[in-house]
Amino acid sequence: MKLNDIINIIEDIAPVNLKEGFDNVGLMVGDREKNITKILLALDCTEEVIKEAKEMGAELILTHHPLLFRKPSTITTDTLLGRKIISLIKNDINLYSAHTNWDSVKGGLNDTLVEILGFNKGIIMDKSPVDSEAGIGRVVELTKEMTVLEIINLIKSSLGVKNLRYAGDLNEVIKKIAIVNGSGQDFFGDAKKLGADLIITGDTTYHFVSDYKEMGLNILDIGHFNSEWPVLIKVSEKVKERLDSDVEFIVSKEAKDPFEFI
């Protein structure tokens, strides 16, 4: 199957025009006419993932996070980014990334995280200007009230999360939840305005959390990796089911959270 045909499938599922303005998505490295027999799915294009692709003979790495986020001034082995790009080219491995467009789209990562947690479909926090059914973040009203601790236990069991950070009252009864996969602290204000009692996200920082905790918002920082990788595996099934039967779709074993707990 030609790479360009696979790209058309991905972009039909996650249209490029849904990406955020700061983002860079699409074909990062590659030849659209290349024949693809194996696709490796990963959250990030790490050196370990590139090695994994090389060893298994995968001609395409499909990631959520773009390798080329900002334009590099040079591509040399002096930098980590340069080494990765050179390794991809040397080993004839193509790289495609679908990021905030896949977060935003109806049925994408935001909606799928809501689904995995067993909540009803929510309203969109920040609607896309080009598609009223897409956008970043979801706010859901619970059909059955839950405490913060009960929601934490639900997240742990649903996503396989062992540890997470929280700010708030474990015994507070929650009626409305905001959910933003990945880095979501920029949406704390929106969550509060929309009446959320609690927000589930990753990558929060001290001062944001301190201020919004004082304002009465419970915060669950489940980690960037935990809020996206299990969700990406599920949502990528939509790509897998549309591939030709002779194309193998493989979930990376080297996709790992860079953080560890001690």
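Just so you know, glycine gets a Cβ as well, placed from its N, Cα and C.
Look at Swiss-Prot and you will find His64, Asp103, Glu228 tagged as divalent metal cation 1 binding site, backed by similarity to another entry. For His64 (divalent metal cation 1 binding site), the number of other Cβ atoms no farther than 10 Å from its own Cβ, over all displayed protein chains, is 26. His64 (divalent metal cation 1 binding site) carries neither a helix nor a strand DSSP state and counts as coil.
Marked as divalent metal cation 2 binding site by Swiss-Prot: His65, His224, Glu228. The Cβ of His224 (divalent metal cation 2 binding site) has 21 neighbouring Cβ atoms from other residues within 10 Å, across all protein chains displayed.
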Cβ packing number for Glu228 (divalent metal cation 1 binding site), 10 Å threshold: 24
Between His64 (divalent metal cation 1 binding site) and His224 (divalent metal cation 2 binding site), the C-alpha gap once rounded to whole angstrom: 12
Beyond the site residues His65, His224, Glu228: chain residues whose C-beta lies within 8 Å of the centroid, for divalent metal cation 2: Leu43, Asp44, His64, Asn181, Gly182, Gly202, Phe225, Ser227, Trp229
Cβ neighbours of His65 (divalent metal cation 2 binding site) where a neighbour is any other Cβ within 10 Å: 17
Residues flanking the divalent metal cation 1 site, with Cβ no more than 8 Å from the Cβ centroid of His64, Asp103, Glu228 and excluding those residues themselves: Leu43, His65, His99, Thr100, Trp102, Leu109, Asn181, Gly182, Val231, Leu232
